[in-house]
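According to Swiss-Prot, the protein carries these features:
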type	residues	note
MOD_RES	S150	phosphoserine
BINDING	152-157, K181, 234-236, 311-314, 331-332	ATP binding site
ACT_SITE	D309	active site, proton acceptor
Amino acid sequence: MPKLVTWMNNQRVGELTKLANGAHTFKYAPEWLASRYARPLSLSLPLQRGNITSDAVFNFFDNLLPDSPIVRDRIVKRYHAKSRQPFDLLSEIGRDSVGAVTLIPEDETVTCPIMAWEKLTEARLEEVLTAYKADIPLGMIREENDFRISVAGAQEKTALLRIGNDWCIPKGITPTTHIIKLPIGEIRQPNATLDLSQSVDNEYYCLLLAKELGLNVPDAEIIKAGRVRALAVKRFDRRWNTERTVLLRLPQEDMCQTFGLPSSVKYESDGGPGIAQIMAFLMGSSEALKDRYDFMKFQVFQWLIGATDGHAKNFSVFIQAGGSYRLTPFYDIISAFPVLGGTGIHISDLKLAMGLNASKGKKTAIDKXYPRHFXATAKVLKFPEVXMHEILXDFARMIPAALDNVKNSLPXDFPEXVVTAVETNVLRLHGRLSPEYXXK
């Protein structure tokens, strides 16, 4: 039976096996179980001897891959993978994935040193960023057969290595430092069309605003190559060693992986975890008080900016030695306000991915949510009332200046339509905070 050897920073963690019936099993290596660095690959796959055969194995590895069936088909076509199954796809592109996981076929030897790369010219960078238009997955252009990466999510993206001011393609098992996200474009739905052609600017703006309001988010910059604009987001699951000679991978996983769930149920409405489940899980964090506070603060922020995609795969935890864990920075933040006014899109259609508690059931409609719903949610979760009021009061006090500061920091060619759409609606919802909380 074929096996994929699983590594974390050059330490053998275990083996992923695909059985004849297509089932996936995982077994931790004895040397990993005995190591002082030992930690579970996933909190849904506790350290243990013997084969793990639960559905969590398939789901964990499947969640390392792009969500889009189209992108998965491109991977099959590009590398002649045997199927769309996680084992077969990761056999081809598992050298650099989310967190610290590196997957290498047991019969394959990686000859490149730990850190090796090829510097990209601007023309070459543009080729990588536009590869999806030629049906090439994740920027893995045909001339670079040693460039094998996996990036989860639904958006067109790739991952690259930044060395100084240069963008580089990593070689062998060299990690990447940045996720590069392309404009989403138009999304056609049965009754509506979402114009997300300015998603790069949208996400950049939202990240700046989040940082201005004290939320922990990654650094990002807009990059240009030829006629392409993209968002380069610094990976928080990567860190240089003290000498800056080796780039380390930091173990992490998203909440679908944590709960052993497939990505198909990442939304609460589809059966995925909501605020209550994640807040209960964060009680076990090594920084429980901070993580629970930050998570609730981020729920308010998502409401204020009209962020509708805060599902389980967009929240993650670092996995530390021994199996302790803590919340990662927040990521994949985009406002739906700039798409309002498009074909069939109204503010009444915008819904939070995770519902708030209300007098009757859950409140998800952004335009129908008020501070009282956050207070009610906090009460149900036994989150301190004083902490919830502090969060709301801080937003009431900080929002106007934060909006001004972000606007003043933007480049001259930044699309005004994005700023105006987000600002106008944030201030409108901010008005619901002010009477009750601005003076507190």
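Every residue number used here counts from 1 along the chain in the order it is shown.
Backbone N, Cα and C define each Cβ position, glycine as well.
Annotated features, which come from Swiss-Prot, shown on the structure.
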residue : record                       : DSSP (3 states)
S150    : phosphoserine                : coil
E156    : ATP binding site             : coil
K181    : ATP binding site             : strand
R235    : ATP binding site             : coil
D309    : active site, proton acceptor : coil
Y331    : ATP binding site             : coil
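On the backbone, the CA of the residue listed as 'active site, proton acceptor' and the CA of Y331 (ATP binding site) stand 11 Å apart. Separation of the C-alpha atoms of S150 (phosphoserine) and K181 (ATP binding site): 13 Å, rounded to the nearest whole number.
Fewest Cβ neighbours within 10 Å among the binding-site residues R235, H311, K313: that distinction goes to R235. Counting other Cβ atoms within 10 Å of each Cβ, the recorded positions E156, D309 show the lowest value at D309. Within the same chain, the residues at least 6 positions away from Y331 (ATP binding site) whose Cβ sits under 8 Å from its Cβ are V217, P218, V233, F236, N314, S316, listed in sequence order. The Cβ of A152 (ATP binding site) lies under 8 Å from the Cβ of N63, L64, L65, P66, D67, S97, V98, D254, S263, K313, each of which sits 6+ residues away along the same chain.
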